[in-house]
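If you check Swiss-Prot, you get these features:
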BINDING   CYS19, CYS23, CYS26  [4Fe-4S] cluster binding site
DOMAIN    5-220  domain 'Radical SAM core'
Amino acid sequence: MTEGVGLPLWLLAELTYRCPLQCPYCSNPLDYAQHKNELTTQEWFDVFDQARQMGAVQLGFSGGEPLVRQDLEQLVAHAHQLGFYTNLITSGMGLTEQRISHLKQAGLDHIQISFQASDPVVNDALAGSKHAFEQKYEMCRLVKKYDYPMVLNFVIHRHNIDQIDKIIELCLELNADTVELAICQFYGWAFLNRQGLLPTQEQLIRAERITNEYREKLKAQNHPCKLIFVVPDYYEERPKACMNGWGKIFFTVAPDGMALPCHAARQLPISFPNVREQSLSRIWYESTGFNHFRGDAWMPEGCRSCPDKDRDFGGCRCQAYMLTGNASNADPVCGKSPYHQFIEQARAESEIDSSLEKLVFRNSRNSKQFTVQQNIPVQNIVDD
C-alpha cells in the first residue's frame, strides 16, 4: 500500500530504555526492563541511511536517556553527514562540558533539557535521584555557552503545577529561548500513576492564567522567551490529531529495533515489524502495523461520518486502547464518544488528594514486576 501514504519526515530514535532517573510520568513501556537487545551503532547507521533515503529530514535522539549510549556522538555525526536536523531530548544526566563540546563538533543542532520542578527538593524527589536539579542547572549554563538555543521542558502535574510562576521564573533565570510547559500526557508510567498526577481543573485554569500573564509581560518587554502551554487531553472535548495521524509523518524506532507509528504504540495488540528483519520502506508502506489505522475504514460509524475526522484523524489509538480495551473505539476524550465517561471519571478522581509517596516510580526493579498480560506492580520500589 503506497497510494496516498506520505513520507516519514520525522524519525524518533529511542536509543535506549536505560535511564538514571525514575520519573513516575515516563512514557516508556511499563515492562521496558524486558527489552534489552539494543540496536548496535552500525544498525542505527543503517536506520538513518534508509530513513534519509525515504525523505526523513528531522531526527530526534530520545530514550530512556540517550546520553547513556557512549556512541551518541558517533550517531550524531553520522546523522549530520546525512543532512538530518538533529535534536537531543535529554534529562541532562550524563551530560558534561566535554560531551557537549563533542556533540557540537559532531554537528548536533538542538538540545532540549527537561526539569521535574523549580524547587531542587521536589525536582530530585520526582526524579528519584539526588543532585539531579544541580546537574540540570549547570548543564543549562553550558548549553548556552556552546551557543545552542535554550529549550526547556517541564512536565506539569498536580505536584508542581501550583509552582508554575516559580517554574517560569527559573526558565527566565536560565535565559531560556523556548519553554514547554506540558501538562502530563497519560501514557506508560504516567497512565499507571494518573490519579496521583492529573491536576484538578481549578489548578489547570490557574496555571494557564498565570502563563498568559507572563506572556503579556514578556511581550511588553520585547523579551524573546516563548512560553508554550500544552493542555492535557483529559480536559478537552475534542481529541488531538495524535502524531498528525497514524503513519502519516512520524516513524519511531524503539531501542530493540521495533518500528512504531508512535512511541506509545508498543502496548497495542498489533504485530509491529523490526528494522532488523525488514527495510524501513517495506515497514512504512506495506506493514500491517503501519497501515492498521491509516485512512478511515477502521473508524466506527460515529467517527467515520464526523466532519472533524480530517482534522483529528480519529484521535489517539493508544488512549482508546488504554481506556476502553479496544484501540478501534472512539477516543474517549471526544465529547461525542460513547466512552467519554472514562474521562469524566478521571477528572473526578483528580479531586482526591494523593501524595508524592503513592506514585510508582519508573525503575528496573518496578518494571520487572510487570508482564504484558498483567500491568500491576507487586510493590513500589524507589531505587537509592
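Quick reminder: no glycine exception, Cβ is built from N, Cα and C everywhere.
Feature map: annotations from Swiss-Prot on the structure.
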| residue | record | CB count, 10 Å |
| --- | --- | --- |
| CYS19 | [4Fe-4S] cluster binding site | 25 |
| CYS23 | [4Fe-4S] cluster binding site | 24 |
| CYS26 | [4Fe-4S] cluster binding site | 24 |
(Q) Take the mean position of the Cβ atoms of CYS19, CYS23, CYS26, the recorded [4Fe-4S] cluster site. Which other residues of that chain put their Cβ within 8 Å of it? (A) LEU21, GLN22, TYR25, ASN28, GLY64, GLU65, SER91, TRP189, ARG362
